[in-house]
Each structure stands twice: as structure tokens, then as C-alpha cells.
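Engineer: Sharing a structure here in C-alpha cells format.
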Amino acid sequence: GDILDDYLRTDGIWILTRNKQFYKTNNEKECAEKCEAEGNFNCRAFLFTRKKLQCLTLAENAKMTVTFNSTDAVLFEKKIYLLQCKKGIGKDYRGTEAKTWRGIPCQMWAEKTPHKPNYTPEKHPKAGLDRNYCRNPDGDENGPWCYTTDPATRFDYCNIPECEGHCMRCNGEDYHGEVSRTESGLECQLWDAQEPHMHGFTLKHFPEKDLKMNYCRNPDGELRPWCFTTSPTKRWEYCNIPRCTTPPPVSGPGSQCLSGKGEDYRGRIAITESGNACQHWNTQFPHKHGWIPDRYPCKGLEENYCRNPDGEKRPWCYTTTRSLRWEYCAIPHCDETEQVIVGMSNVPMKIPLTEECYRGKGQSYRGTTSTTASGKKCQAWNSMFPHRHEKTPDRFPDADLRENYCRNPDGDSSPWCFTTDPSVTWEYCNLKRCDDRTQE
């Protein structure tokens, strides 16, 4: 990426600093290069003046000294020195924690009492051994440590929290770190590349999923972050992202009604729209499935309540009826005022009455059915996984190839879709002709 990505930019600020070097540069990038190469001190920030094109590399940042306004100046601070958290084992931790997990103050790295150190600023100039701050110069698996001021304890570890973006909560859907190798060590393919593997996970189709560079991500609700690999023989693989040790922020109670696709629905409706009772998420009978509550801790898979763990159109559940694997639930919309009492369950719900039938060959069908005649889920039209194809929204702009809804872009006998089953490329959809239906 860009060298300036490692810096936090603040316009109109000057900082007072004793330790600095002046350089003549043409732009901010050149000034950043001077900061990276600075040999006189640890460069934590730099100032750039736009009129004079003056560059000052600085040993201090705004956390360490006073600041004042200066309209022409731009301050760039190295993000690594602003973080008070660690990524992974914290080898590049440069925060200011200076006591052990037991609360014992750390010994200065440059001092020789009470302990004679093996790691000193002279021997390890790139390890950031400033003052008595916790560091990890030797890549210790247990994280940052320091020599202590207690003569009886030579060294001990420090209690540094994990950086939010560099560990994963839940299933890593919100992971925005920069790991770009799979768990077996393969390098990840760039998300905007189609070689060696062709796919539909592009920034254009998934703008909110942060598909940057070749960083591991979880755009599709997998167990944990993954990526396509640069090995032609291995299409994709999971990445080894550490779990955050601090507990996730306490979320609200969740919605008791349907907004959007209902992914945050945490109500207690446990019956499908046609009246079938829901199967408990933690059981495998009558239907075997992979949505096991322990594997997906943040999806709200409690009891047998209707949920939307996989980004479906709305909440659903597996049914207790052997012949019907799963079905959508009728959840009242948050903005609905009139509600209808359904059956004996005394649950206020509104049954959606969308017309799910097609006329002629179904080329004009614009409904939202996304299930095939044999019950398989449809593959999204803009995806190339598991089936590569040419029926893309770009090539068939008038066919309304949205999401994974059944359509008939090529004049087949009725609406169809590619399936998410790798062994079945496509199937006709679970739809009737409108004139075959009985009066509703």
C-alpha cells in the first residue's frame, strides 16, 4: 500500500519538539521516506509545510508533547506509536505501558540495575526499546515483556490488550486486519484479481465487506476469515486469525421485529410462515445441518427461534417436518402498525402475499424465490462460486439478475438458477405458472 497509510494525518497542527531534523522535499511521500530512513533518532512523526515544502522529522508525537495551531502545517504521526494495543504477539508494539501484569514498574532498557539486560537499545536499535516501555524484541510467544525493578524478578510479561482489528470476534465477519497468508502458509490472491482463481467476491459486488488488497476476510458467513490462494491447485483456504481475548462489546437486546433482512432479529417466534414448528438449532434431527450454536457464537442461535445467520432474505429455521428441510418465518415488520393474529399461537404476524408465480416462460418474473425444485439454494448471479458461468448482471442488464433470485435470462422454458451445490450446476426453480394456481 501507500507509505502514508501507516500515518495518521492531522491538518493545521504544529508540535513543539526538541529532537528534529530539517529536509527539503517536494511532497508528503518524500517526507515520509525521510522519516522511515531517519538515523539520528526514532522517527515517530513528521511535519510538512505546504507553502515552503519543508519537511521536519520528529522524535515525539502529539501524545508526548504540546501542540498548537499552524494553518500551513500538516502533522503525520506513525500509527504504530499511537496504538496502546498489540497485534498478534506484539513484536511491533510501541505503546507506553511500563509495568508488568502484576503492577511492578519496568526497568529502563538502557540501565544495568537491578538486572543486567541482554536486550539493550544499542544492541537492538530497531526494537523500539525506549525508556522502560513493554516491548517484545525477541518475538516471545507470550507477548510484550520488560525487565522489572524488583531484584527478585528478572523479567515479567505485560498486560497489553489485543487490537480490535487484528484479532477476530464471533466468526471474523468484522475482521479488518492485514493477515494475507492462509493457515498452511499460502499467499492470498488479490480480491480484484481473477487469476489463478475466477470468482465473484469483488469490491464492486460486496462494497461493504472491505475486500482490500489480498487480506483475509469473511464476506460470506464462513466459520472464520479466508482467502483465495495464489496456488492454482488450492482454490481457497482459511486463515489463522487469533481470537480476541477481551470480551466483545455488549450488544443490545437485538430487534424484536423485522428490519432489513432480519439479521439482528432476536425475537422468540419459532414457527414457520406455513405453521411448521422449528427444529432446535443444537439438534441434528430431523435435519442434519452446520449451524451449530457453539460454532457461531454471535448469531443468536438459541432454542428453536427463527434467525437469519446466513444473510438470507429474512429469518428462517429448519422445520420439525421430515419432508420440509427449512422454511422462512413470518416476522412482523418494525414499521407495521396493523398486524394479523395467525392461528392459535397468539403471535402478531403478517403473512407476505407476494405473487410467486410466472407467466409464459417466466422471462418477466421478478419475484424473490431463490430455491430450486429439489430444494437447493440458488447461487448469486454475480458469484462464480461454486459454478463459473457467463450469466452475469453485466452481460444481461435487462434480466434483473439480482441477488440469487430465480430468473430466465436466456429464454429457457421457465425460471431457473445456478445452485450452491457443487455437484449440480443448475436447476429449474420451485415456481408454478400463475394460471395453474388456485384463487388465493
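Glycine is treated like the rest: Cβ placed from N, Cα and C.
Reproduced below are the annotations present in TrEMBL:
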DOMAIN    1-80  domain 'Apple'
DOMAIN    84-163  domain 'Kringle'
DOMAIN    166-244  domain 'Kringle'
DISULFID  CYS167-CYS244  disulfide bond
DISULFID  CYS188-CYS227  disulfide bond
DISULFID  CYS216-CYS239  disulfide bond
DOMAIN    256-334  domain 'Kringle'
DISULFID  CYS257-CYS334  disulfide bond
DISULFID  CYS278-CYS317  disulfide bond
DISULFID  CYS306-CYS329  disulfide bond
DOMAIN    356-434  domain 'Kringle'
DISULFID  CYS357-CYS434  disulfide bond
DISULFID  CYS378-CYS417  disulfide bond
DISULFID  CYS406-CYS429  disulfide bond
Engineer: Compare the C-alpha of CYS188 (disulfide bond) with the C-alpha of each of the disulfide-bonded residues CYS216, CYS378, CYS417, and give the closest one.
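Structural biologist: Out of the listed candidates, the nearest Cα belongs to CYS216.
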Engineer: If you draw a 10 Å sphere around the Cβ of CYS257 (disulfide bond), how many other Cβ atoms fall inside it, taking every protein chain shown into account?
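Structural biologist: CYS257 (disulfide bond) is surrounded by 15 other Cβ atoms within 10 Å.
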Engineer: Looking at the stretches 1-80, 84-163, 166-244, which one shares the most CB pairs under 8 Å with the domain 'Kringle' (256-334)?
Structural biologist: 166-244
Engineer: What disulfide-bonded residues among CYS227, CYS244, CYS278 are found with a C-alpha within 10 angstroms of that of CYS216 (disulfide bond)?
Structural biologist: CYS227
Engineer: Between CYS227, CYS357, CYS417, which of the disulfide-bonded residues has its C-beta surrounded by the fewest other C-beta atoms within 10 Å?
Structural biologist: CYS357
Engineer: Measure from the CA atom of CYS417 (disulfide bond) to the CA atom of CYS406 (disulfide bond) and give the result in Å, rounded to a whole number.
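Structural biologist: So the Cα of CYS417 (disulfide bond) lies 5 Å away from that of CYS406 (disulfide bond).
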Engineer: Please report how many Å separate the Cα atom of CYS244 (disulfide bond) from that of CYS317 (disulfide bond), as a whole number.
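Structural biologist: About 30 Å separate the Cα atoms of these two residues.
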Engineer: Please give me the CB contact count at 10 A for CYS239 (disulfide bond), counting all chains in the structure.
Structural biologist: 24
Engineer: As a quick check of your reading of DSSP, tell me how many residues in the domain 'Kringle' (166-244) are helical, how many are strand and how many are coil.
Structural biologist: 4 helix, 13 strand, 62 coil
Engineer: Out of CYS167, CYS227, CYS239, CYS257, CYS357, the disulfide-bonded residues in the record, which is closest to CYS417 (disulfide bond) when you go by Cα distance?
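Structural biologist: For CYS417 (disulfide bond), the spatially nearest of the disulfide-bonded residues is CYS357.
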Engineer: Nearest of the disulfide-bonded residues to CYS329 (disulfide bond) by CA-CA distance, picking from CYS257, CYS357, CYS429, CYS434?
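Structural biologist: Closest by Cα distance to CYS329 (disulfide bond) among the disulfide-bonded residues CYS257, CYS357, CYS429, CYS434: CYS257.
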Engineer: Just to verify a number: CA distance, CYS227 (disulfide bond) to CYS317 (disulfide bond), in angstrom, no decimals.
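Structural biologist: Distance (Cα to Cα, whole Å): 29 Å.
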Engineer: With every protein chain in view, how many other Cβ atoms are within 10 Å of the Cβ of CYS188 (disulfide bond)?
Structural biologist: 22
Engineer: CYS306 (disulfide bond) has how many other Cβ neighbours within 10 Å of its own Cβ?
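Structural biologist: Its Cβ shell of radius 10 Å holds 24 other Cβ atoms.
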Engineer: Just going by other Cβ atoms within 10 Å, which of the disulfide-bonded residues CYS244, CYS278, CYS406 has the emptiest spot?
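Structural biologist: Sparsest of the disulfide-bonded residues CYS244, CYS278, CYS406 by Cβ contacts within 10 Å: CYS244.
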